[in-house]
Every structure is written in structure tokens, then in C-alpha cells.
Amino acid sequence: MEAYNSGAISTKPWLNGLFLSFLAILSFVASFANAETHYHEFVVCPRLFFFLYLFIFTVTSCNDTPLKQVQAKPVTRLCKTHSIITVNGQFPGPTLQVQNGDTLVIKVLNRARYNVTLHWHGVRQMRTPWADGPEYVTQCPIQPGAAYTYRFTIENQEGTLWWHAHSKWLRATVYGALVIYPKSGFSFPFSKPKLDIPILLGEWWNRNIIDVLRQTTFTGAAPNISDAYTINGQPGDLYRCSSKDTLKISVKSGDTVLLRLINAALNQELFFSVANHKLTVVGADAAYTKPFTTNVLMIGPGQTTNVLLTADQTPGRYYMAARAYATAQNAPFDNTTTTAIIKYKNTQKGGSSPPQLPQLPAFNDTATVTAFTSQMRSPSNVKVPTQIDENLFFTVGLGVVNCNPGPRCQGPNNTRFAASMNNVSFVLPRRTSLLQAYYQNIPGVFTTDFPTVPPRKFDYTGNVSRALWQPLFKTKLHKMKFGSNVQIVLQDTAIITTEDHPMHLHGYHFFVVGQGFGNFDPKRDTAKFNLVDPPLRNTINVPVGGWSVIRFVADNPGVWLMHCHIDSHLNWGLAMSFIVENGVGELQRTSLLQAYYQNIPGVFTTDFPPVPPRKFDYTGNVSRALWQPLFKTKLHKMKFGSNVQIVLQDTAIITTEDHPMHLHGYHFFVVGQGFGNFDPKRDTAKFNLVDPPLRNTINVPVGGWSVIRFVADNPGVWLMHCHIDSHLNWGLAMSFIVENGVGELQSIEPPPVDLPRC
């Protein structure tokens, strides 16, 4: 009990002295009567953990050992060995298996030598932008030796997503699958497959990927192409020194296999096919699709596609294969093919014939891509925004920077490559993140004047004047109001070359209402939009020399990056960011703590009266003019570390009554109690400042008073109320704001993502 001696009951001046009188309805109205309490059991891994599952990701170089000794650990591909950055020593990284509605808490320990962040690609991150992950957009990177915990909830998404590094080019090896199953009691909208297998398509370099990035950044030229493509980290039989570890999938005749395809390649769109087998597309980007059958599909970096394969062929061995879809004219690309093997279990023993290889399209077969993407539909009619509030037109494409010939100008004609949206090449800040700058009102980090249309209209896919090839280098954002209906036209350009761009929007999925070739014409093309059952995506390919149009509702406040998922293009500046403002009212109701933490206006005021607005004979005959209270959401704000005294005074309005008063987030010393009206001159002298009881709930005597003292050492928003629930329902409550102190130990943590929505 020494912690609660008289030294803790400070006799210094009590700067926050409050006198609260009890009315039948106090000056705080809370809609407790209409609230529901939701109890959720989050089962991330059903047979292992209940409630909350904690994934601990250790980002580490492959030369790490259990003893933390720095030594080379061989990672061999294509007959060569070098160290790579991995998660938990795995390449690809761990597959996360969750259910729709689950909450993930993922602690990332960075034991690599580079800064790192992780992005949960395609997760909506509803009101959890701090967990999105792109470096210098929603967070500063996790430095070597440091840690960060990502907290977010999967909301109304099922299918396949993935996670990857979102710092430098580390996602070349730092990536893994995120598999989202239906909630318990629900099932797939198709028969349950016998096998369920993530297929991650990647790229492999025989060099350190950060050295590849540094070289292209220094020279201004295009990056060195990859040395191989991979399926689940392995190049496959068609590469040197690779047959032994080629991925092999064993099936029985008649089995149905769900292949969860993920294009984790750094810089390349890919065709995919399985020899002699039809593929039925049933989902993309964690949304179900209207099923359709195809022999081949194209999948851009960042995209996922779920396909069903039925093992209905003659028993044997069959290759699944992937190779490049490359659209930039005269640009080098990796023209190799990665493979894995589907092997029927009842194949005759001794069969040594090589697996059959699928016939993949030519590298520039845009017609096949168009035929595939045009079949994408939502499974049923959907509600597409029709009354557009934000009508945006963004050009996307390459550019150059003029410079003096030399080692740093090795792009086309002694220039440096660049890329832009609406002629703005996106520049990331370096001293803080955009989200932190926005929420903390840090000046000078960004502007909100990103152009909503190209600054100059031109023949986007024709011959473009050289005067338009060099973009501006700025950190410009576009701000939108919460609840806005948004349409974005994404228009490819012919600056340097037309090219197919896989465009990804963080924090959202969207309806793809139209695609086409040439310059978008609103008069001609709008009439062709699919507003009935367009597909829902988070990453969409803008056709080479063409356009895509997307629509969504801006229902997720925060700062959200939109960028090309070809990382060389992102590095050159093919990106921008949106600010979606906080909403007020029915579109985004919130809690007091969220409103305070996120600076949401119009939710409360901080002018709760520290003394009764009018002094009266509290326990005597009270004038009827004082019986009716105000109905307000008024809070009282206190500085961290304040010494607080509160006099709790019962009143005779209607009747005197004993009130059990509870203060959340604190316990307090009860230094005095008595009957009648509190008299500071008379009653203060009787306070027990030696050994008063420590309580969290204290009864205020009928027709009397209680005095409590405490130190405001716990930042947050804290409710004080009568614990007779009928009185609470009538409004006998108020709330305190205790401001942050100095440092992390004296500050509020961000709201957890599993906080129930209002």
C-alpha cells in the first residue's frame, strides 16, 4: 500500500477542481438505449486459436541463424547462390489463412539491413489506414532492429489477396498469400474443391534486388530484366539447375482443384495456362465473379484470380506455365517461361515422358487479353454509383527528364526515365508519412492541388509533342469528401510508348464499368458502360493505348495511394494519393474516442461546465426553472499529469438519492463525504489526506456529497456516470478528455481495428 501513501495524494494546488451536481438528466446525452453490443469470436486459424491470433513476422536476411549470427545461408536458383530478404526464413513467405470478419494482429520485427514496410494488398482497411503499409504514405518505414504491429479486420471480403513489402523493391522476395475463407456456417458459391492451392507467380534476379534498383536509379535507364520467372519461388524445369525443386501438385482423376493465382512479379504482366485443362474463373481480387471458362488468362502484377481446374484428362503429367505479356514497344523483357507440374496419382509407374506444355499466347497478344478481361462480371447485379460527385480524368504513362549526357543520363537519347499521372511525377516525402502529415496538420509536406484532368488536353494515344514528355515532380494529393461517388477515367498515353498499366488503389475496391482502346470519348464511350454487373477489383489493367473507367464510393477516410503496380514505373513516379475526409452523421457515426483521436469535427464540444451554471440550494427546495437540463455532448479537457479534485453533489430535483458514480480508466481517493450542500470552507478541513480509500465507484450520499482526487495520468476519453443504468440511460453522465503527455508512454495508442462500428 506504500504506492498509495500521502505522497500520492498530492497537497499541491488542485488545478482541475470540478463541482458536479446531479440532475435527473445531466448535460450529456448518450443513446445507450438504442445501442447494440456485438460480441465477436475471431477465429483466424479455426483449429488452433480462438478470439485473436497473433502472427509474428520476422523480416530477416537469409543469413540469419537461431543464434542471430550473421553468416551466409545459401539460397540457390539458376545454379547461383546469394542472400535474399525473407519473412520467417521462407520464400515465398507464410500463407495467412483467415475467415471473412477475422481480425489480424501482425507484429513485424525487422532484422534485415534495409528499411521495410508490409502492405496487405487489397484489404479494405476500413478506418485503419495506419495498417495499410506503403512507406512514406501511411507510415515511415520500420528501420533495422525496430518493430511495428499491424492491426486490421477483414470486412466483407472472400477469396484471395496477398501481402508484400512496400518499400524499395523488397517485394521481389518479401511476399505471401492471404487466403480469406467464408465465415463459419457459410460456404463457397461453388462446390468445395478437393485441393486448395495458392500459386504465386514471381520474378527472380541473380543479383541483390536493391543493387538492381540502385543501378536504375543512378543511371536513369530501365532496370535490368529478371533472370527467371517463378511459381511458388521455383523457376521450373525449363531453367538450368531447377528441375529438382520444381513445384509438383499431385491430383486424382476427378479431383477439383482451386488454384489461387497471384501475380507477385515485380515488373511483368503474365499469361498463365495449364496444358490440356480448362480453367473456370470464379473470383478475382477477393470478390466472386460470374464463372466462365478459359484456356489462358492474363494476370497483372498485384492482381489475383481464383480458378477451378478439374482433373479430367488422361492420367499423366501436365505443365502449368507462365510467361510475359509485354506491351511496351522495343522494351527488353524476360522472355522465359516458368513451369510447375500437375501429376495424376494414378499415372502408370515407370512413365518417363516429359510433361505436356501448354500453348501460351505470343508476348504481345493483346487480343487474347481483351477477350479474357471482357468476360469478367460480378456474379449478380450490383449497385454502381450513378450520380457522380468526383469526375476525374487521369493520364497514366511514361516520360523523360532532360539532362546532360553522362553516366546518370542513360535513358532514351541521353535522358532519364520518369512516369506520371496528369503530368505530375509523384514524389514521396522523407521526413514523415503523408497520413501523419494530414492527421497531425504538419505543413509543407504536400499540397492538395493534384489536377483532376490533364493540365493540357492532347491526343493521348497519338503523336505526342516532345514538350509534354517531361513531367513536374511534386507531392500533390486530391482531397475528396466522405461519401462522394467517384468516377476515374484512367487513360494510357503514347509518351515514349503506349503500355498496359496495372493500376492499384489502396484502401478500396472499385467497379470496372468500362474499358477500350484509343482516347476515351465521354459522349461515345459512356453509353457502353456496364452499370449492371461490372467486376469488382482492386487492381485493373489499363489497356495498351487505351483506357479503363472505375467507380466507387469514398467511404473509407484516410490517405490512399493509387499507383502502377509495375515497380519500375512506381519508382519513376507513376502514382498519386487521395485524401478522403472524415464524415459526419449517418454516413460515418463514430465514438468519442475515435472522434477525438481522428479530429472528426462536429461530434462533441469541450465546454462542459466545471461548476454548475447557476448556484442554488442543491439539497433544498429547487426552483422548477432548474428542473429541465440541456441535451448536449459536452466534454471537459484536462492536461496530462493534472491533479484533479471533483466534488460530486447530489440534488433535490424531483428527489434526493444515493448515486453510485463510476469513473472509467481511473481509480481515485475518496477524501471526503457528507450530507447537505458541500461547503469548501467548512468541509475541506475534514478531508482525509492520510489514508483515504482507493475506489473506482463511489456512492454519493442521498442529499449529500463526495469528494474524490486523482492524477490525470491516463490519456484518452473517459466516461463518468451513475451506475444505476436507468439514470445512465436518462443522461446522468459526462466524459473527460485527458490529453497526451510527452512520449509514447504518455500517449493514446491508435484505435484497434476490431472496434465495433457505430
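Positions of Cβ are set from backbone N, Cα and C atoms, glycine also.
Copied from TrEMBL, the annotated features are:
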- 70-184: domain 'Plastocyanin-like' (DOMAIN)
- 197-346: domain 'Plastocyanin-like' (DOMAIN)
- 450-582: domain 'Plastocyanin-like' (DOMAIN)
- 607-740: domain 'Plastocyanin-like' (DOMAIN)
- 14-35: transmembrane segment (TRANSMEM)
- 42-60: transmembrane segment (TRANSMEM)
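Per DSSP, the domain 'Plastocyanin-like' (450-582) is made up of 16 helix, 56 strand, 61 coil. The highest tally of CB pairs under 8 A with the domain 'Plastocyanin-like' (450-582), across 70-184, 197-346, 607-740, is held by 197-346. DSSP states for the domain 'Plastocyanin-like' (607-740), grouped as helix (H, G, I), strand (E, B) and coil, give 16 helix, 53 strand, 65 coil.
Shown for the domain 'Plastocyanin-like' (70-184): DSSP residue counts in helix, strand and coil, namely 6 helix, 50 strand, 59 coil.
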